[in-house]
Structure formats: C-alpha cells, structure tokens
Amino acid sequence: MKDPVRIAITGAAGQISYSLAFRIAAGDMLGPDQPVILQLLEITPAMDALQGVVMELNDCAFPLVQEIVATDDPNVAFKDADFALLVGARPRGPGMERKDLLEANAAIFSVQGKAINDHASRDIRVLVVGNPANTNALIASCNAPDLDPGQFTAMMRLDHNRAKSQLAEKTGKHVTDVEKMIVWGNHSATQYPDLAHCSVAGTPAFDLVERDWYENDFIPTVQQRGAAIIKARGASSAASAASAAIDHMRDWALGSDGIVSMGIPSDGSYGVEPGIMFSYPVICKDGKYEIVQGLAVDAFSQDRMKATEQELREERAAVEHLLG
Ligand code: NAD
Ligand code: LMR
C-alpha cells in the first residue's frame, strides 16, 4: 500500500467540488492504488454545507480515503498538501466575462498563495480553476515566493477537451482519434484553439474541415462554450470542469498521452511575454510538464496568440498591487 497523499480542495461545498471531491476519492485522479487524505476548505458561512459533503463522502465508504479534514482556515487546509485544487471563487453569471470576476476573486488567491507558501509540501502541485483562472494562478504564485512559479498552473483542459469534442463531432470520429489539439493563451473568449498541428485518425484536421468552419464556427464555439453552458443550465459548467481538473492533475502526476494544453508561467517560448500564465502545448512525463517547442506558427495563429497574450498582460496590470 502506498503512503497517502494530501489533496487540498477549496470551494469544497460548491458545484464543481460536488463532482470533483467524489471522483478524487474514487481514485480517478491518482489511480486506484493511491490512498488520499482530503483537506477541504470553505468560507465560514458554508461550513454547514461542507459538513453535508463530508457526510456524503463518508457514506460512500471509499476504500482510498484515509482521512477528511474540513476547515475554514487556509493554513490548515494547505498543511503539508501535495496537491491543491483552487476551485473556491465566485462564478460569473449571464452577460459577464470571466475577467469581470478579477476584483471579486483576486484577494482569495493572494491569501491562499501565502498559506500554500507557508504550509504546503515543498513539492506541491497547484491547479487554479476559479476564474479568471490564469491571472488568479499568477496571483497565487507571486504570493508564494519560496516555491517555484512552475508549481502553479491554470486550467485550460476544459477548453482543450471542448475543442477535441467539437472536432470529433464535426469529422464523425471519436475524441480518442484527435491528436495534437492545442489551445493557446487565456481561459477566456480570446483563447485560441488551434488546429494547425491537429490530426484526426492520422489525417491532418485541415484536410477534413473547411477553413470557414474553422474560423467562423469552431473557434468561436470553443471560445464561447462556457457562456453557452451558463445560458442553458443557468449555472456554470461543473461536472465537465471537475473532469478537466482531474485530467490536468492526473496527466501532470502520471504522464500525458501526447500533447495537452496547460496554463503555465510563460518562459518566453513562442515570443510570449515571460511570467504571464499562458496556455501552451505541453507533454507531461515523470511528474513534470514540458512545453512542446518548434511548432510552426503562421500569421493567422500569430495574430490570435498576440490577442490572448495582450489580454493576459492587461489582467496582470490590473492586479499589479497583489503580485508582491
Ligand atoms: P460555486 O459558487 O458553486 O462554488 C464556489 C465555492 O467556493 C462556494 O461554496 C464558496 O463558498 C466557496 N468559496 C468562496 N470563497 C472561498 C474562499 N476564500 N475559500 C474557500 N472557498 C471559497 O462555484 P463553482 O461552480 O464551483 O465554480 C467555482 C469557480 O470555478 C468559479 O470561479 C467558476 O467561474 C470557475 N470555473 C472555472 C472553470 C475553468 O475551466 N477554469 C470551469 C468552470 C468553472
Ligand atoms: C467555463 O468555461 O465553463 C467556466 O470558466 C465558467 C465560465 O464562466 O464560463
């Protein structure tokens, strides 16, 4: 039996966590042989609801769950944590852009970055889900100066999975036939889902779909998928977000099957401003991710990558006072 790992989940009484915590407890993130200690964080007014979630987790009698900690103190929630999924934040409503949440949510991530810095395992891997995820991840990492910024990542996997699903449906193939999907940039309406390197069952995507569909249907559909779900459900995506968070962390810890998209601190690759949390194509291996280098970028792609980079620069400028 392996030693248990400590997994902190914030916003643990919220919508996403209602799927996420149970799937992690079932072994979907780190495998069926990895015991887990769940460290669940909520704000004080939500502690009753969190107790209900803990009761249900207990009632599942999950074999892998060794202990559950439920707290409203970030210093307790992140104590010795090996993984942290920062979900707790306000979601947007109809008509809002994710960056409209910046002011409401930014303070959460500076406090939690400090608590992670002071209390978590030195090897912690952090995924920020709460929106605007990329800039919140930047705030958290800047408030954790004793850790490597590369230990902080932002969730782009939902966008990546959405893009795969749209292309598979269009080409009449299965999602597992889609390879080398890339979503660049920000988890926002400026994100750039890029088919230039993508193939479906071994055939280049551009041989299978019209340019017009790519530019005027595929790209906007993926960019606007979060808003479409809010309109249809009356609430933002939850189970699919939880599933993407599990995919992101599982691949980071255990290795990816080819290219995946992750929001990570830019090292300047592909001419992107260093430091911002930009989504790149990466391959995960041996517990680490590495940017896929040397991909050709044409003028169309360059324009879109610049636009999403510009938005991330503006978001960073808006929270400069929280970056330490
Ligand atoms: P929700 O409102 O159902 O749950 C959020 C929970 O966070 C609430 O229970 C709230 O009490 C808690 N919370 C608030 N402040 C907190 C704090 N300081 N510490 C701990 N907990 C805190 O929202 P949700 O639907 O679960 O969504 C959570 C966030 O995830 C939102 O910001 C949403 O926009 C974002 N999201 C991101 C993606 C992505 O792809 N990156 C996808 C879906 C949703
Ligand atoms: C999503 O992409 O579904 C989430 O970021 C929620 C949102 O506000 O769109």
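Quick reminder: no glycine exception, Cβ is built from N, Cα and C everywhere.
Database features (TrEMBL):
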DOMAIN    5-142  domain 'Lactate/malate dehydrogenase N-terminal'
BINDING   GLY11, ALA12, ALA13, GLY14, GLN15, ILE16, SER17, ASN105, GLN112, VAL129, GLY130, ASN131  NAD(+) binding site
BINDING   ARG92, ARG98, ASN131, ARG162  substrate binding site
DOMAIN    157-320  domain 'Lactate/malate dehydrogenase C-terminal'
ACT_SITE  HIS187  active site, proton acceptor
Original post:
For ALA13 (NAD(+) binding site), which DSSP three-state class applies?
Top reply: coil
Original post:
Given the recorded positions GLY11, ALA13, GLN15, SER17, GLN112, HIS187, which lie within 10 A of ASN131 (substrate binding site) by CA-CA distance?
Top reply: HIS187
**OP:** May I ask which of the binding-site residues SER17, ARG92, ARG98, ASN131, ARG162 have a CB within less than 6 Å of any atom of ligand 2, listed in sequence order?
**Re:** ARG92, ARG98, ASN131
**OP:** Tell me the Cβ neighbour count for SER17 (NAD(+) binding site), meaning other Cβ atoms within 10 Å of its Cβ, over all protein chains shown.
**Re:** 27
**OP:** Among the binding-site residues GLY11, GLN15, ARG162, name every one whose Cβ is found under 6 angstroms from ligand 1, counting any of its atoms.
**Re:** GLY11, GLN15
**OP:** Report the mean pLDDT of the predicted model across the domain 'Lactate/malate dehydrogenase N-terminal' (5-142), rounded to a whole number.
**Re:** 97
Subject >> For NAD(+), whose listed binding residues are GLY11, ALA12, ALA13, GLY14, GLN15, ILE16, SER17, ASN105, GLN112, VAL129, GLY130, ASN131, the greatest C-alpha pairwise distance in Å >> reply: 20
Original post:
Out of GLY11, ALA13, GLN15, GLN112, HIS187, which of these recorded positions is nearest ARG98 (substrate binding site) by C-alpha distance?
Top reply: HIS187
Subject >> For SER17 (NAD(+) binding site), the one of ARG92, ARG162, HIS187 that lies nearest, given that the recorded positions are compared by Cα >> reply: ARG92
**OP:** Return the member of GLY11, ALA13, GLN15, GLY130 nearest to ARG92 (substrate binding site) in space, with distance defined Cα to Cα and candidates limited to these binding-site residues.
**Re:** GLY130
Original post:
Per DSSP, what is the residue tally for the domain 'Lactate/malate dehydrogenase N-terminal' (5-142) in helix, strand and coil?
Top reply: 63 helix, 27 strand, 48 coil
**OP:** Kindly assign ARG162 (substrate binding site) to one of the three DSSP-derived states: helix, strand or coil.
**Re:** helix
Original post:
Once the DSSP letters are reduced so that anything not helix or strand counts as coil, what is HIS187 (active site, proton acceptor)?
Top reply: coil
**OP:** For GLN112 (NAD(+) binding site), write down the residues of its own chain that are at least 6 apart in sequence and whose Cβ falls under 8 Å from its Cβ; none is a fine answer.
**Re:** THR10, PRO74, PHE78, LEU86, ALA140, ASN143
